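Q: The Zn(2+) binding site annotation in TrEMBL covers B:116, B:119, B:156, B:159.
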DNA sequence: CCTTGACTGTTATGATATAACGTAAGATAG
DNA sequence: CTATCTTACGTTATATCATAACAGTCAAGG
């Protein structure tokens, strides 16, 4: 991969009323409420993810952090990203080996991700019903579900009409 | 990772009436029916996945293939594995960077995977309802869903009672 | 003060995956 | 039957993603 941030399109959740500033504000609020330390590296990483309007690879994040005077080695990025994911400020998109800001950091929610196979955009969709169905399937199998990764691949709104 | 096949437990689907031989037979039947070339490398890879009763990393597969006189380089394993996945004989488990035999190669189905975070076992669960819910969510977002990855993490039946 | 724990940074390495190219073997048209 | 086309296999080389292990920093509390 030499692409930076996957795509810059198809990002319904981050625009309009629920803008980037709002997401960041929600996140900061939540950090304060829960006594979580949103340190400079972590904050910058989160800001970056939000600004990216799409998923970023760890090395993309690292490059920017490094350019801004933070550490220059992979663990710096991975630590910040993993912390953000652990605490619900970001999500890991396994299909893309990438990370994306959580669109609704205020709520403790289950999300599904809609990944466009043309522009690599990532949209976070509410997945309450999906999770419920999955929980049922797990119960039926005698499996104690903890958390889940749900990633859909297809065409986003914007790319749907295009040739390839 | 230096582990070979993740776990050897918790594998309901491969035992009993629906045994390994049956899975292989279904797969071979389907290959013939659909005019797919289940070549020696591909067949051996599939047999290995079935025998593993759990997910295998590409390099684990490669090691075995190589020991059996097939190619010794990563692309050999990746090509076979990707082909098996593309044609519905196997699944890729992204959380584990691994692959597993499809438990029901005869049907064209949507599957969810239940991954134990203690023993790394992978169980394929029917995911009709889950997929239906996901499809709805996608439609609501104006997203044309093609296929999805659904991976649940938790405790399998066998590990559920244990300490850690 | 000085210990403790969380955080940041580093070096070094490990693990996963693909690009590009040459060869061989099977299918197909003439 | 043979020329040709396609698919698959194998290789070298390299790209990409991720973590282990350890050292320095700094704030909070005894």
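Using the three backbone atoms N, Cα and C, a Cβ is placed for every residue, glycine included.
Just so you know, TrEMBL annotations never went through curation; they're auto-generated.
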Q: Just how many other Cβ atoms lie inside 10 Å of the Cβ on residue B:159 (Zn(2+) binding site)?
A: 20
Q: Within 10 angstroms of the C-beta of residue B:116 (Zn(2+) binding site), what count of other C-beta atoms is obtained when all protein chains are considered?
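A: If we count other Cβ atoms within 10 Å of residue B:116 (Zn(2+) binding site), we arrive at 26.
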Q: For the binding-site residues listed here (B:119, B:156), which one has the lowest count of neighbouring CB atoms within 10 Å of its own CB?
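A: Minimum Cβ neighbour count within 10 Å, taken over the binding-site residues B:119, B:156, occurs at B:119.
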Q: When C-beta separations to chain A are restricted to under 8 angstroms, which of the binding-site residues B:119, B:156, B:159 qualify?
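A: Checking chain A against the binding-site residues, the residues within range (Cβ-Cβ under 8 Å) are B:156.
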Q: Where does residue B:116 (Zn(2+) binding site) sit by DSSP, helix, strand or coil?
A: strand
